[in-house]
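Per TrEMBL, these features apply:
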type	residues	note
DOMAIN	202-219	domain 'Tyrosinase copper-binding'
DOMAIN	383-394	domain 'Tyrosinase copper-binding'
REGION	287-313	region 'Disordered'
SIGNAL	1-18	signal peptide
TRANSMEM	474-496	transmembrane segment
Amino acid sequence: MLLFALGFLLITLQPSSGQFPRVCANMQSLLSKECCPSWDGDGSPCGELSSRGSCQNILLSQAPLGPQFPFSGVDDREDWPSVFYNRTCRCEGNFMGFNCGECKFGFSGLNCTERQVKTRRNIFQLTASEKNKFLAYLNLAKNIPSQDYVIATGTYAQMNNGSNPMFRDINVYDLFVWMHYYASRDTLLGGSNVWRDIDFAHEAPGFLPWHRVFLLMWERQIQRITGDENFTIPYWDWRDAEDCEVCNDEYMGGRHPTNPNLLSPASIFSSWQVICTRSEEYNSQQALCSATGEGPIRRNPGNNDKSRTPRLPSSADVEFCLSLTQYESGPMDKMANYSFRNTLEGFADPQTAISNPAQSGLHNALHIYMNGSMSQVQGSANDPIFVLHHAFVDSIFERWLRRHRPMLEVYPAANAPIGHNRENYMVPFIPLYRNGEFFKPSRELGYDYEYLQEPALQSFQDFLTPFLQEARQIWAWLVGAAVFGGIVTVVLTGLVRACRKKKGGTSSEIQPLLVESEDYNNISYQSNF
């Protein structure tokens, strides 16, 4: 009955962000390279009549890229989304969406003027009913078609440069699996040739902002299809875990009794079909994933290659990672040393921050530990543990932002791998989001984490921290000023005493120790420093 009721809500609710807007997945839009749909509220493109936005040319970053991708004009994702569209809606104020029909993350209300901050909670702190509702929402998303978005089943060239559109419907959950695949897939170079050293969502500075947007969009999508505007993604705090604590039928599915690589039949996830897991097959056919079912979710936690991932991450690993002051460094890819991003992503040792792609730490360690669908990058979002895991990774990113308070300029503006510069648009999101727009505290984006919410004293300390940091930067000047002031004080005090002594020995007048009674009330006491 719960699923039936939730399904009924789909009729009246409009889904949120995704990939190709259905209204733009046609020959006319592709040939004109324009995706500026009308807003239902006033019938004008981008809600222009209501001052929500207008149809504008896309402004692409001209900053140079790193050397990792030595091609140009061979991949639809280059200068996203200009291969498909070069005019889209540019929304004003707090409006957002492919037609400016939504509110920016962190805002709500008819005119998107109401600020809101929602709390993501530990999955083990949810009540039984809250946990069951979360599982039901996941299953609902897997079984409801996306109303506003479709996926591409061919490249732009295979679409005959737009004159032969190749798109298909997809369910809400798989829409996000497909987007994760599309951002991380190999470049098809023709024949049987591919370029593997490319990823618009991993192995570079955009890893954390990209997944932050991904989760925000996924969260809003669930809110829309269920009508539960208070829904937030729970997280799994895996620090110091001895095994997969969520891998049971009460939560994300236990182990199959006879096949350890599959999920228990008692789990609702055992009937799910995965998509986009056969990358070598797509490469050999020079084709894109078409989102057809490719078998059940596979998971065999803990039976992974121990030489690569000997254990799950520890609290000490996380704390060391948080101590790193550089967000990015060196080549800004998986070979970066002393990089917070690369260490958290898991390509650098969580005890030294030295790059070691042969080992998997922190974020990567969880994926490898699951030993199944989640362990292959392109198809990893098939396993619903993905969202729990990445919510906690995002919370670590949030802790780093709060601790180090970086300026936007800390995020690289140039020379990062393709798609990862600060002003690059994230692949494959429409509406468009730049990497740098999400290099900010989560509360500015409308959410917080339960275990990061601080008491009043901590809030005061947060207020004081910037001033203390400024004081540290000028401490030498402050010490020097104090020493100089002390010397001046000693000299002046000596001179005053000397003068008083000299005056006391030559004058016939002696000042009274106490004032006369009639003047006592006119004296004011002050402290002078």
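A Cβ is built for glycine as well, from the same backbone N, Cα and C atoms used for every other residue.
Secondary structure of the region 'Disordered' (287-313), assigned with DSSP and counted as helix (H, G, I), strand (E, B) and coil, comes to 0 helix, 2 strand, 25 coil. Same-chain residues lying 6+ beyond the ends of the domain 'Tyrosinase copper-binding' (202-219) with a Cβ under 8 Å from its Cβ atoms: 16-18, 66, 105, 176, 179-180, 183-184, 231-233, 327-328, 332-334, 341, 344-345, 347, 377, 387, 390-391, 393-394, 397, 411-412, 416-417, 419-421, 424, 426, 429, 433, 435-439, 442, 445, 447. Residues 120, 123, 138, 208, 211-212, 214-215, 218, 233-238, 244, 246-247, 252, 269, 297, 299, 344, 362-363, 366-367, 370, 372-374, 442 of the same chain sit 6 or more residues outside the domain 'Tyrosinase copper-binding' (383-394) yet have a Cβ under 8 Å from a Cβ within it. In terms of DSSP helix, strand and coil, the domain 'Tyrosinase copper-binding' (202-219) has 13 helix, 0 strand, 5 coil. Regional average pLDDT for the domain 'Tyrosinase copper-binding' (202-219) in the model is 98.
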